[in-house]
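Below is one structure, written out as structure tokens; the observations come after it.
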Amino acid sequence: MTIRLYDTATREVRDFVPLQEGKAGLYVCGLTVQSEPHVGHVRSAVNFDVLQRWLRFRGYEVTFIRNVTDIDDKILLKAAEQGRPWYNLAYAMRIELDRAYAALNVAPPTYEPAATGHIPEMIVLIEELIARGHAYAAADASGDVYFDVRSWPQYGELTHQGIDDMEPAADADPRGKRDPRDFALWKGWKQESEPETAAWPSPWGPGRPGWHIECSAMAGKYLGPAFDIHGGGVDLRFPHHENEQAQSRAAGRPFASYWMHNAWITTAGEKMSKSLGNTLSIPAVLQRYRGAELRFYMVAAHYRSHVEFSFEALDEAAAGYKRIETFLGRVGPMAGATWDLPDAFAAEMDDDLGTPAAVAVLYDTVREGNRRLAAGEDAFEQAAHVHGMLEVLGLHPADRAWAAGAGANDAEERLRAAVDALVAGLLEERAEARAAKDWSRADTIRDRIKAAGIEVTDTPDGPAWTVS
RNA sequence: GGUGGGUUGGCCGAGAGGCGAGGCAACGGACUGCAAAUCCGUGUACACGGGUUCAAAUCCCGUACCCACCUCCA
């Protein structure tokens, strides 16, 4: 069965045909590291992590590049406000971002290049564009270099827009532009307002790269002039992706075969954007929910569907995830068992990563497994399927990533062992009371344990406790 | 002005011409000393108005409302 993916450029679901058989080259726009990551940012990472995992499961050798934009206007501005070097802010936020990825079990990409590490590659690309007549150095003394939109007739092909239909950017400084839609490939150093550390030498004088050029340069370096899939959030379609494609193709590089865009998570109907300030940071959410629960919430919605974030919906997802965990717990360890996937699940995943329907298969399997257990039959086949499905979605409860994200450590382990020993003593007393059918005494003991914040439940294998 | 997306039962969230995805909640039942967990059952939902069709949530026309992008944004 072939994988089918929705391609923004053609606006249809197409069979995925890689450039090289058995291999998949994937480039995803990562973040500008300028503030704490919020749930919206992480959705993109989770969505493309699922894509990566699915491609691998289907046997592709995946090269996955996700960049980090570590120099731009916002970083310079915020760092100046905070009175610290821009590179210090960018680096600190990058560490935060890595933590968020780890907490959500987002697998590291093959490589994660940073813009500031690829200035020479960008300069080469800009020189190529100038040589081909698609870019020009501004006539003024700014040191800026612009892409010449009018020189590239296909401009607008990705987002199906005509140049003349576009609203000219009202607030953009026309400076030395020939056309208001021309965009900066290189920004000359503004000596009076920008730190010298944010300027790199170039044939056009000191300066820094424009926003779009980094992705073209880095995708070219690590994936080659033509590669399979380019991804990012919907807002990036224009201008970012349109410009990336224009400058790459104008330089003679075919660029991406497929374009994939994930939809937003919004709060109160508004997009969760740094500039709106209504962020919901990952560390804050992880105070209340486990990383696996948050990831499950995201995976249960389709990547192209807009999601209105709510804690109620997240609660539901968490309840559902616990139900799956409970089933696995009932079946118990399955040493040596082979995990595999139900065909229906694989078919849904092949169809443009149909995770909602795939999750429905997961629930169906859990219900069938529970039904068999209730009937006194074994549920090993169902459990093997559930293990397999969770694994490929990056949601396996036993994944070590969760423990790392939750910050479990030796002290917690020892505490848990101590509590277990104390509770075990009380549970023994309760067992005696129950054996004597002294229900009031048994319930009194249970209530005392509950008052300490620990929930006791009776299972076929005896009583179990969890922190409530 | 241009380009795209959306409106589904109490809630979340799929589907894209014909048998009620799935989950959460609720109610009834089974099991359990009681709980919990689990299972079984219970819902005639698709913004509105027309149309096409034997058959429309799904296709067509129109209307309303919402959102995104065209400016930094996952």
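Note that the numbers count up from 1, one per residue, in the order the chain is shown.
Glycine is no exception: its Cβ is also placed from the backbone N, Cα and C atoms.
For reference, TrEMBL has these:
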type: BINDING; residues: A:Cys29, A:Cys215, A:His240, A:Glu244; note: Zn(2+) binding site
type: BINDING; residues: A:Lys274; note: ATP binding site
type: DOMAIN; residues: A:344-403; note: domain 'Cysteinyl-tRNA synthetase class Ia DALR'
type: MOTIF; residues: A:31-41; note: motif ''HIGH' region'
type: MOTIF; residues: A:271-275; note: motif ''KMSKS' region'
In the structure shown, which of the binding-site residues A:Cys29, A:Cys215 has the fewest other Cβ atoms within 10 Å?
A:Cys29
Could you name the residues, excluding A:Cys29, A:Cys215, A:His240, A:Glu244, of the same chain that surround the Zn(2+) site, i.e. Cβ within 8 Å of the Cβ centre of those residues, in sequence order?
A:Trp211, A:His212, A:Glu214, A:Ser216, A:His230, A:Gly232, A:Leu236, A:His241, A:Asn243
Minimum Cβ neighbour count within 10 Å among the binding-site residues A:His240, A:Glu244: which residue?
A:His240
